[in-house]
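Notes follow the structure.
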């Protein structure tokens with residue numbers, strides 16, 4: 001199964017992700033990718049191990065969809081531990097573990113007729129078949145239960161296991177033996193010597209209602225839905241409890257098998273029925289996408305009358321030979337897909353539109369709703385995506401709206417019921433100032449393409465409380481002010497204690513602490529020595545390289561490299577600020593091209609996007625106040641000038657392996673001071689590779705490309 005039905009009125013999955021994946025910066029993508037991984041892992045554990053899911057099927061699918069879309073857009077985030085390569089959750093320690101010789105994979109999902117047509121076309125393309133060539137598919141209901149694998153040796157049930165993480169499941173053999181639908185011995189012809197029969201343990205709706213009535217009468221826990229009841233019943237340590245629960249089983253797949261009784265999916269499932277299993281009577285064979293969709297509609301129409309929960313229809317290539325040719329991709333087979341039913345919708349009143357400010361300054365509109373139940377979950381908030389979506393749908397406060405829990409971001413406002421709009425309502429005006437700090441909020445424009453960013457962002461990064469902890473954490477980070485002993489944990493605590501609210505506060509902390517009634521050394525986790533060490537570390541950073549100073553300000557799009565480029569040109573923070581202010585055109589939200597603007601974009605490597613971000617930053621008066629206050633406490637050191645006559649000036653250099661005479665940061669600084677560009681990877685554009693002991697793939701690639709390779713000693717000889 002892919003996801004649970006919710007048992008809670010709210011969940012972390014309702015965190016609204018309104019920024020389209022294509023608009024995420026690499027840093028934003030990495031941060032969200034990590035957060036999504038943690039969230040999905042938690043939901044997997046709740047669903048597969050604890051039988052206590054807290055998000056709906058649609059919510060979970062949307063989280064997975066977002067996670068995979070980020071990996072597709074930013075392939076570098078897909079590591080060996082990516083959730084894209086995993087299924088389910090690790091088995092519980094309460095049960096013995098069973099290894100699946102053939103992994104129990106999940107299925108890819110689709111939600112529209114167009115996606116079904118594309119699935120069929122994709123299968124044919126992979127098989128080098130023409131559009132008119134015929135491929136048969138099976139169609140069957142997608143049961144909302146708990147996946148289980150039953151291992152038979154010489155026709156006898158020997159081991160039963162849950163899906164677990166797909167590679168290893170929980171041993172539930174004794175509990176499975178109590179389910180009447182699961183034969184202890186396989187009867188009939190064609191039973192192989194060994195076979196794993198796979199299917200779904202579920203509970204019929206009538207049995208679920210009767211069980212809950214008994215539970216309530218005995219003043220015991222009642223279950224939220226049939227799926228939870230089935231999973232909780234199967235995963236009992238006492239098999240007598242499982243025996244008392246009305247569990248059922250549909251057989252529909254297999255894993256390891258010494259032989260198979262047929263060459264088609266449908267034929268093998270027919271054999272399951274002959275051997276004593278219950279199979280789904282609604283399974284049919286279709287020969288094209290139109291047939292698949294027609295059967296989907298038929299099952300959807302019968303859904304309420306089936307007597308058990310389903311959440312879609314599964315399509316599988318019928319020929320086992322074609323299945324073998326198609327193979328697998330990531331965590332699912334190419335030859336199968338689950339066509340999910342649309343999420344349920346409900347109508348309610350939009351009471352207000354709240355603007356939330358994210359840690360990067362993004363303004364996200366959230367609809368505050370009269371609470372309404374959608375698919376068994378109480379919804380009181382929904383995303384409105386961004387101001388363009390609000391305008392496109394003409395969403396207004398007081399409107400009656402349709403809310404849905406499905407799609408890219410959920411829950412969401414689908415549409416307005418205009419005939420119920422109250423008299424005198426006015427179009428919503430999206431704020432142009434941050435509700436958290438009052439700073440100007442802007443939408444970036446690519447001056448070359450004219451494309452306007454969908455997201456409006458606060459420009460008051462250094463004074464905005466919604467962004468402050470993240471901004472302060474960045475300010476003290478290693479490549480910025482690099483203050484030892486002042487990490488994210490300490491920054492967050494100091495901010496919550498009211499000790500630090502802006503960068504300049506860091507440098508007045510010791511003075512203020514001496515006058516405070518509650519000194520730092522008397523707070524939990526601190527003492528005289530640790531406080532003294534922190535104050536000493538802060539004092540050491542009262543002088544800092546000017547490019548580090550600018551990088552530490554956290555100006556959007558200004559990383560270490562761009563900070564260096566800007567400060568090599570402007571020299572001082574004051575000159576950079578003056579240049580930015582000179583480029584501001586009164587009454588215009590975006591620069592149009594005066595001399596100051598042309599000067600900034602004329603800097604090598606500084607384009608329109610970076611220049612506009614710098615101008616917007618210094619265009620906010622309170623940002624300038626913060627910078628002025630900081631300059632009273634800190635002295636930025638001028639950048640060392642590039643050596644124009646250096647033998648490596650203008651060349652791209654890569655350092656690899658262990659450096660023995662300098663750190664990697666020192667090597668980078670030296671090379672840049674000599675006018676070189678330092679890259680992190682080797683390419684055809686690389687001019688020189690400096691290789692120390694232990695150099696690996698970068699050295700090999702350099703040799704393959706014919707790039708000059710030298711040792712660390714030869715580097716010092718070269719640059720003098």
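Glycine is treated like the rest: Cβ placed from N, Cα and C.
Residue 61 (NAD(+) binding site) falls within a helix when secondary structure is assigned with DSSP. Per Swiss-Prot, NAD(+) binding site is recorded for 57, 58, 59, 60, 61, 106, 107, 140, 163, 200, 316, 340, and the stated evidence type is sequence analysis.
For 142, the entry in Swiss-Prot reads active site, N6-AMP-lysine intermediate, with the evidence type sequence analysis. Residue 142 (active site, N6-AMP-lysine intermediate) falls within a strand when secondary structure is assigned with DSSP.
Taking a C-beta cut-off of under 8 angstroms and a sequence separation of 6 or more, residue 437 (Zn(2+) binding site) has the following same-chain neighbours: 458, 460, 463, 464, 465, 466, 622. Residues annotated as Zn(2+) binding site in Swiss-Prot, with sequence analysis given as evidence: 434, 437, 458, 464.
Annotation comment: Swiss-Prot describes 643-720 as domain 'BRCT'.
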For residue 142 (active site, N6-AMP-lysine intermediate), the number of other Cβ atoms found within 10 Å of its own Cβ: 24
Other residues, Cβ within 8 Å of 434, 437, 458, 464 Cβ centroid (Zn(2+) site): 357, 361, 433, 435, 436, 438, 439, 441, 459, 460, 461, 463, 465, 466, 467
Secondary structure content of the domain 'BRCT' (643-720), with strand meaning DSSP E or B: 27 helix, 14 strand, 37 coil
Between residue 316 (NAD(+) binding site) and residue 142 (active site, N6-AMP-lysine intermediate), the C-alpha gap once rounded to whole angstrom: 12
Cβ neighbours within the same chain of residue 434 (Zn(2+) binding site) - under 8 Å, at least six residues apart: 357, 361, 363, 440, 441, 458, 459, 460, 464, 466
Rounded distance in angstrom between the Cα atoms of residue 142 (active site, N6-AMP-lysine intermediate) and residue 107 (NAD(+) binding site): 11
Secondary-structure category, per DSSP, in which residue 464 (Zn(2+) binding site) falls: coil
